[in-house]
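Visitor: Right, I'll just put the structure down here and ask away after.
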Amino acid sequence: MERTHHLPDIRTLSPKELSQVVSELGQPAFRAKQLNEWLFEKNVCSFEEMTNLPKAFREQLAEHFFFAVPTEVVKQVSKDGSRKYLLQFPDGVAVETVGMPSRNRLAVCISTQAGCNMGCAFCATGLAGLTRSLTAQEMVDQVVHVSRDLGERVTSVVFMGQGEPFANFNETVRALRMLNSEHGLNIGARHLTVSTCGIIPNIRAFADLPEQFTLAVSLHSAIQSTRNQLMPGVKKYTLVRLHEALQLYTEKTGRRPTYEFAMIEGINDTNPEMNALCDFCEGTLCHVNLIQLNDIPDSPFKPSPMKKVEELQRRLQMRGVETTIRNSRGSDIDAACGQLKQRKINVHLS
Ligand code: SF4
């Protein structure tokens, strides 16, 4: 399909504007409702698919509008069934999206920015800097792409791909609402998880949302100097303030945030690091996800051995902290964030 970039994306129109278009094109008012259903509930990406609209009307729409849906540039399929995509938007920027099917469930991990300026030391995306933030529709489009590719309904979405969602807060919240809406993808709020490095003002704003969206915080170390080294982008939001903000969050929402802890050999798997994490979590409402860092070629950071991961889990559990060891899915397919794009860039350069 030829792309017609000079036309507006029909999905950027408000319901009122859609009704206006319907009436200007001489159609009865109920067509606006049909159009809305095709666009936001059934998530089609062409006018041809809108089979209950008259052909002439569909042709008229196609003369005035287009669908700014992303193009699949690369797809990798893992032995465990997960799929990783590099999706490119009409302006040429590309992001990574991962689909993780399991029995009766389909989880999708989406990006919220093309690139990222948080500069996390262990992350390929962080090295390349920020290109631009994504719109809410572009976030939803990633979910729709995976759903169509696998022919399944998406049951949960994690905002954990490229980018810092809380550095693109308003569009992230809009995307959450589009995914949650019964006139959208209708995914339960608790099954929508946003992962932040810990941008405190937006943790507070997130706590004020009426919906029960889930919060995850990339912690990676509970010792300030290590965390500064690993995550320089959130240096100014100190661990003391973060701890405070998370207490307020749990008091206000009654919900349990998840702390992500990617274990890196010799960096955050030492005795003092383990003690500091236990102290940070003990007595608070939280759930810790321990994960072995992905083994990235040429990276100075190596995954901790499994026995260290298990040791940390034991220590946390002894202090009454709920903990899960997560498998890194798709480890055979460049699954760490930024790797696929990096590979693609390397391919282009070589
Ligand atoms: S880990 Fe996430 S927040 Fe950190 S640089 Fe990479 S994409 Fe950005």
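Here the Cβ of each residue, glycine as well, is placed from N, Cα and C on the backbone.
Sharing the feature lines straight out of TrEMBL:
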- E96: active site, proton acceptor (ACT_SITE)
- C337: active site, S-methylcysteine intermediate (ACT_SITE)
- C116, C120, C123: [4Fe-4S] cluster binding site (BINDING)
- G163, E164, S195, S218, L219, H220, N294: S-adenosyl-L-methionine binding site (BINDING)
- 102-332: domain 'Radical SAM core' (DOMAIN)
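Any idea what these are sitting next to in the structure?
Guide: In the three-state DSSP scheme, E96 (active site, proton acceptor) is classed as strand.
Look at C116 ([4Fe-4S] cluster binding site): DSSP puts it in coil.
According to DSSP, L219 (S-adenosyl-L-methionine binding site) is assigned to coil rather than to any helix or strand. Non-local contacts of L219 (S-adenosyl-L-methionine binding site) by the CB criterion (under 8 A, 6+ apart in sequence, same chain) comprise G198, R227, Y259, E260, F261, L277, F280.
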Visitor: Cα within 10 Å of G163 (S-adenosyl-L-methionine binding site) is the criterion; apply it to the binding-site residues C116, C120, C123 and give the hits in sequence order.
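Guide: Among C116, C120, C123, the ones whose Cα sits within 10 Å of that of G163 (S-adenosyl-L-methionine binding site) are C116.
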Visitor: So what sits near C120 ([4Fe-4S] cluster binding site) in its own chain, CB-to-CB under 8 Å and at least six residues off in sequence?
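Guide: The list for C120 ([4Fe-4S] cluster binding site) reads G126, C197, S218, L230, M231, P232, G233, given in order along the sequence.
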Visitor: Filter the recorded positions E96, E164, H220 down to those whose C-alpha lies within 10 angstroms of the C-alpha of C116 ([4Fe-4S] cluster binding site); answer none if the list is empty.
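Guide: So the list reads E164.
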Visitor: Tell me the coarse DSSP state (helix, strand, coil) of S195 (S-adenosyl-L-methionine binding site).
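Guide: Assignment for S195 (S-adenosyl-L-methionine binding site) reads strand.
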